[in-house]
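Undergrad: I am attaching a structure below and will ask some questions about it afterwards.
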């Protein structure tokens, strides 16, 4: 048979290759500089891992934690809930966990993933997943505590069913902002407004926690729907445990020394201090606007019955 194929390309001459080779050389040079830049970051005090037992430990109801390979499951029944916590505390960085929430009738249950410091003037960043009756959407409630004061709740529904598969839930924190993300989509931002006289959580190391418990006095439709224990046990599943953050020393250090340790300087550079991470980029800003327009169902900033005087931070920035 006669092949009706295009002719084979001829081998290019060195003269024709010259511009391409120059471009390649420049690209390699730039990549080398970039790699050198990142390799120059000081990694001491940083923790990154994806294995539960390297980062976390059970915190209560040990017999209600179920280990299945790389997965961990928390169980809630009418005897107890359960929970786990990080082995260390951290100041600045990012925490990520993949969670598959309770399937079916989860009304009355709450699954929480949060960061918190200790003491009456603690700081805290909360994801709380509020269960619902079968077929009704889960609600996510986020909250921010600063110096022991919370009451900054926002609630949103999700654009997917969080009970059918694992999804990423992340908290990013640096001296300029706190960001809550769902599958890398920004769902909340809390900015540093200290220049307006508003406190910002930046000097207390935080542990990372998760738990499941019965909260049928408030969790579902204001407490009108109670937990149906005939559907127990309620199971929340976890995998993909990651912490990329500045680890606080086990021994006691002053807030000033810890902040200095975990903040970039001329000698030490940390990724979370990069100028590009001082605020949301354009894509992230659009994500947050989309979430607020399409999925937010409650914002404390708009609740005039609770706050006749608008909270001061609500007047200065978007959450």
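Sequential numbering from 1, following the chain as shown.
Cβ from N, Cα, C; glycine included.
Owing to the predicted nature of the structure, the values given are computational and were not obtained by experimental measurement.
Pulled the feature table from TrEMBL, pasting it below:
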- 1-238: domain 'GH16' (DOMAIN)
- 20-47: transmembrane segment (TRANSMEM)
- 124: active site, nucleophile (ACT_SITE)
- 128: active site, proton donor (ACT_SITE)
- 132: N-linked glycosylation site (CARBOHYD)
Undergrad: How many neighbouring Cβ atoms, not counting its own, are there within 10 Å of the Cβ of residue 124 (active site, nucleophile)?
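TA: The answer is 19.
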Undergrad: Just to be sure I understand the packing, how many Cβ atoms besides its own are within 10 Å of the Cβ of residue 128 (active site, proton donor)?
TA: 19
Undergrad: Expressed to the nearest Å, what is the distance separating the residue listed as 'active site, nucleophile' and the residue listed as 'N-linked glycosylation site' at their Cα atoms?
TA: 25
Undergrad: Within the chain of residue 132 (N-linked glycosylation site), which residues six or more apart in sequence place their C-beta under 8 angstroms from its C-beta?
TA: 106, 107, 138, 139, 220, 221, 225
Undergrad: Tell me, what is the mean pLDDT of the domain 'GH16' (1-238)?
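TA: Summarising the domain 'GH16' (1-238) by its mean pLDDT gives 84.
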